[in-house]
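Enquirer: The structure is given below, and queries will be raised subsequently.
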Amino acid sequence: MTNIRKTHPLLKIVNHSLIDLPAPSNISAWWNFGSLLGLCLMIQVLTGLFLAMHYTSDTATAFSSVTHICRDVNYGWLIRYLHANGASMFFICLYMHVGRGIYYGSYTYLETWNIGIILLFTVMATAFMGYVLPWGQMSFWGATVITNLLSAIPYIGTTLVEWIWGGFSVDKATLTRFFAFHFILPFIIAALVMIHLLFLHETGSNNPSGIPSDSDKIPFHPYYTIKDLLGFLMLILLLMLLVLFSPDLLGDPDNYTPANPLNTPPHIKPEWYFLFAYAILRSIPNKLGGVLALVMSILILAIIPLLHMSKQRSMMFRPISQVLFWILVADLLTLTWIGGQPVEHPFITIGQVASILYFSIILILMPLASLIENKILKW
């Protein structure tokens, strides 16, 4: 009798995705982040569901409902901080996952890559709207500043912003709709993840060498199931360390002050995972230019496959590109730091230099390095 996992219509899909899937024998720990993102999404959906049972999306009670969750609900503090810090873990894994894709040339799987970019935008939108829900000072002013950016769109900008707000300022209507969107988007993300995996399984995984691995495949289970499990344990350990020892380490103290439209916080800044994009936005003195640069800082990922000039797929054997890649990483860390600093000298200049460098590396220097490396191959 054939095994049920190979014949049952539903189990067959699971089998082909997680058990009998042929995987390259040499994929490193950098390939763990996909499954870690799946774990993060599950943690976020579960903790979010339990938070939604106690949260009220009304301006008068939103802040106190979050306080109520932390004080009166059984393990409410744990659920709340798992959700808040789970978002940070989510973005750490996301950036590592994208970085891996750039380093090892995984972007040549165009469909998978493009769905991934859509996923990145969706997750960022979800995180932004989630940050508004506790209705603290930074929630309110973050929502005001970021939604206001849309007013830079010529002709329809102002109308668009008021349409999103549901009024003439961030208020009751805004909070309610943000809660609705924040609730529905993770399920859309889950659907997109399925499509992402569907496209990935059409081609199979890439591997560190960037060479086709058809001649050397191993079954996903038990080799990569146990490897993923180790990754899960490490992620959960890190998350629990964060939640149980310093849950507010990555948060903003201003968000423990209830939202007040009459009092602007001295430094309006988003959560740490958006700071690099925020720094790019602020480094351009023009509003529309800043918004375009902000969008392009992420959308540039879609252009990366077109700029692939190298004869090799992976950067594993390309030292010049490797150096540029790690300069890019350092540049992003610099932008993250600048995004959290006040708008004054010398931070303005550092931010502008880092922003120019960010686009230069991706658009000019990396393709040039690839061409030089191609030449070196012939020597």
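Every residue, even glycine, has its Cβ placed from backbone N, Cα and C.
Residues annotated as heme b b562 binding site in Swiss-Prot: HIS83, HIS182. Taken from Swiss-Prot, the feature heme b b566 binding site covers HIS97, HIS196. Residues or ranges marked as ubiquinone binding site by Swiss-Prot on the basis of similarity to another entry: HIS201. Per Swiss-Prot, the feature transmembrane segment maps to 33-53, 77-98, 113-133, 178-198, 226-246, 288-308, 320-340, 347-367; the stated evidence is similarity to another entry.
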Enquirer: To see if you understand the setup: which same-chain residues, six or more apart in sequence, place their Cβ under 8 Å from that of HIS97 (heme b b566 binding site)?
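Expert: Listed in sequence order: PHE33, GLY34, LEU37.
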Enquirer: Counting only residues 6 or more past its boundaries, what in the same chain has a CB within less than 8 Å of a CB in the transmembrane segment (33-53)?
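Expert: Same-chain contacts beyond the ends: 69, 79-80, 82-83, 86-87, 89-90, 93-94, 96-97, 100, 130, 182-183, 186-187, 189-190, 193, 228, 231-232, 235, 239.
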Enquirer: Under 8 Å for C-beta pairs, could you tell me which stretch among 77-98, 113-133, 178-198, 320-340, 347-367 has the largest tally with the transmembrane segment (288-308)?
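Expert: It is 347-367, which has the most Cβ pairs under 8 Å.
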Enquirer: Does DSSP give HIS201 (ubiquinone binding site) helix, strand or coil?
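Expert: SS state of HIS201 (ubiquinone binding site) = helix.
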Enquirer: Six or more residues out from either end of the transmembrane segment (178-198), which same-chain residues have a Cβ under 8 Å from its Cβ atoms?
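Expert: The answer is 17, 37-38, 41, 44-45, 48, 52, 55, 57, 112, 115-116, 118-119, 122-123, 125-126, 129-130, 132-133, 143.
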Enquirer: Please tell me whether the transmembrane segment (77-98) and the transmembrane segment (320-340) touch - that is, whether there are at least 3 C-beta pairs under 8 Å between them, with each pair 6 or more apart in sequence.
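Expert: No, these stretches are not in contact.
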Enquirer: Identify, in sequence order, the residues in the chain of HIS83 (heme b b562 binding site) that are 6 or more apart from it along the sequence and have a CB within less than 8 Å of its CB; answer 'none' if there are none.
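Expert: In sequence order, the residues whose Cβ lies under 8 Å from that of HIS83 (heme b b562 binding site) (at least 6 apart) are GLN44, THR47, GLY48, LEU51.
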Enquirer: Taking HIS182, HIS196, HIS201 as the binding-site residues to compare, which has the smallest set of other Cβ atoms within 10 Å?
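Expert: So among HIS182, HIS196, HIS201, the binding-site residues given, the one with the fewest Cβ atoms within 10 Å is HIS201.
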Enquirer: Distance between HIS196 (heme b b566 binding site) and HIS182 (heme b b562 binding site) at the Cα atoms, whole Å?
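Expert: About 21 Å separates the two Cα atoms.
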Enquirer: In angstrom units, rounded to an integer, how far apart are the Cα atoms of HIS201 (ubiquinone binding site) and HIS182 (heme b b562 binding site)?
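Expert: Each residue's Cα considered, HIS201 (ubiquinone binding site) and HIS182 (heme b b562 binding site) end up 29 Å apart.
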